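Here is what TrEMBL records for this protein:
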- 87-107: transmembrane segment (TRANSMEM)
- 137-156: region 'Disordered' (REGION)
- 162-285: domain 'Heparan-alpha-glucosaminide N-acetyltransferase catalytic' (DOMAIN)
- 169-190: transmembrane segment (TRANSMEM)
- 210-228: transmembrane segment (TRANSMEM)
- 240-259: transmembrane segment (TRANSMEM)
- 274-292: transmembrane segment (TRANSMEM)
- 313-334: transmembrane segment (TRANSMEM)
- 397-420: transmembrane segment (TRANSMEM)
- 427-445: transmembrane segment (TRANSMEM)
- 465-484: transmembrane segment (TRANSMEM)
- 496-513: transmembrane segment (TRANSMEM)
- 533-551: transmembrane segment (TRANSMEM)
Amino acid sequence: QCLYQFLAFVPPSNESLRKPGTASVMVDTQHPLTLLLNSSVGDRDLCKIQYHFGEFGNYSLVVKILSTSTQTVSCDLIVNEGPINSYLPILFAFLVYMGILAILIAGRLLMKIDPVRNWVYKKLNPRATDRMINSELGSPNTTDSLNCDPTPQSWSTGSRQRLHSLDTFRGLSLVIMVFVNYGGGKYWFFKHESWNDFCHLHFPSALFSRFVFIMGTSIALALGSMLRWGSSKWKVLRKILWRSSVLILLGIIVVNPNYCLGPLSWDNLRIPGVLQRLGFTYLVVAALELLFTRADSGTWEGQCPALQDILPYWPQWIFILVLETIWLCLTFLLPVPDCPRGYLGPGGIGDFGRYPNCTGGAAGYIDRLLLGEKHMYQHPSSGVTYQSTMPYDPEGILGTINSIVMAFLGLQAGKITLFYKDQPKQIMSRFIIWGIIMGIISAILTKCSKEEGFIPINKNLWSISYVTTMSCFAFILLLSIYYLVDVKKWWSGAPFLYPGMNSILVYIGHQVFANYFPFKWKMQDSQSHAEHLTQNLTATTLWVIISYILYRRRIFWKI
């Protein structure tokens, strides 16, 4: 539903020299395009062609006048030079990483042979038995602290065993997030969607939401652990306030500013951000859980024991429903100047250019009103495709309400692991049920369509359908990892386990050092997917290696 944009003017042909008029243009290859040819006389549509162009292809649109009397023309698209196969670098990278994985597996199998293992131990260190790469290590001993990084122990047993699946889930989301933030090889499907998503097919939109979800899961385990070990609620509340404040300040002062452009300036400092949203979401959900959590997470004595992880916490659900009602009312009922009520579009040339300054509807209006345009994100993803000129912040105020809902659903996953500890079948069955429920809600809200539903899936807006859809996939993904890592122990969680246990350090580090060698260097061909992919994968792999080294040295950055 975009307005046609002027692409080129084709001059008239030179009849005496029999030279046709030509114009050369460069077009986008991410989406199929519709080319509309207009006559400069009478402003009449001559022909319309829809085509999905390929990367670095060379094409000709040949226009011929068939009849001067009726002014009929023919338009033929000719492929002069075929597009390149831009996916070969991905295939090559996949084979390289699979080769490394095969070598590691072979090394692990060799380590099961006694002579080989004894020789390696002798060469390394007789006391380094528990420090072999890829061994089934227990988690480092950690003191109980209220944080999501690393996740506090989840069981109250004497072994203080840790759920590695949570760290693996967090680490997997973080590693992909780092890769996407570094550029994702400049592939369009590794970039954030311009506006609406559809059923999670655009996976970068899911990364931050998974991080929020697993943060909620960790809150349930952390609070229960601290209270069981004798910490008072006031002490826990002070830690909640401290951690939230530090996350928000790190986002505003460390991550948001680009100090390469000069010193910190309040005039154009972005206030919202990823860490700011995490910090505020953590504050609300952790405080809400602290009010109603119990040191003893044993079996509930009330009616319907099958709902023991829900019914005792009915005030929390009332609070979340009130929050969601506020989001719905503000989104669909708040009057926004020069915009229709309930507008959820990207503005710009979208919706046939009827609402150019309405990007984000009520969400964008509230941010501009309370924060000011200069303190918002200036280059939203909608600006490229929809040519919107209004600043819009995807981590704005209104969307934070639904990030709280997302974290609360993750909190529910944590409660399930607490109330049904040592009962993996009960845990997995409830993860499946919650995933199905969230999927059904998403199907109803979106009508299983990208644009035609009641509330579209939109990461920029953090719409409620986005939350339910991402929660559906988060429950299923957590179920899969939990089964592989903690139930069957077929997978240790490596290498994602390591960044998952130092997530704050990896996230802040990859942002701060993004423009420094060896994470970035000058490329020979800035249009090459291969070079971009090599650089981005190298940078991401380096952070995995760094987190592994820190893991080996028992170094964890906790807030």
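Heads up, the Cβ atoms here are built off N, Cα and C, so glycines get one too.
Across the candidate stretches 169-190, 240-259, 274-292, 465-484, the maximum count of CB pairs under 8 A to the transmembrane segment (533-551) is reached by 169-190. Secondary structure of the domain 'Heparan-alpha-glucosaminide N-acetyltransferase catalytic' (162-285), assigned with DSSP and counted as helix (H, G, I), strand (E, B) and coil, comes to 90 helix, 2 strand, 32 coil. Over the domain 'Heparan-alpha-glucosaminide N-acetyltransferase catalytic' (162-285), the average per-residue pLDDT in this prediction is 86.
Panel annotation: around the transmembrane segment (313-334), residues 288-289, 291-292, 341-342, 344, 361-363, 365-366, 398, 401-402, 404-405, 408, 415, 461, 464 of the same chain, lying at least six beyond its termini, place a Cβ under 8 Å from a Cβ of the stretch.
A contact between the transmembrane segment (397-420) and the transmembrane segment (210-228) is present, since 3 or more of their C-beta pairs, 6 or more residues apart, lie under 8 Å. Within its own chain, the transmembrane segment (465-484) has Cβ neighbours under 8 Å at 163, 165-166, 168-169, 172, 197, 199-200, 205-206, 209-210, 213-214, 217, 402-403, 405-406, 409-410, 413, 424, 427-428, 431-432, 434-436, 438-439, 441-442, 445-446, 453-459, 490-491, 493, counting only residues six or more beyond its boundaries.
When each of 87-107, 169-190, 240-259, 274-292, 496-513 is scored by its Cβ pairs under 8 Å to the transmembrane segment (210-228), the top-ranked stretch turns out to be 274-292.
Between the transmembrane segment (169-190) and the stretches 87-107, 274-292, 496-513, it is 496-513 that has the most C-beta pairs under 8 angstroms.
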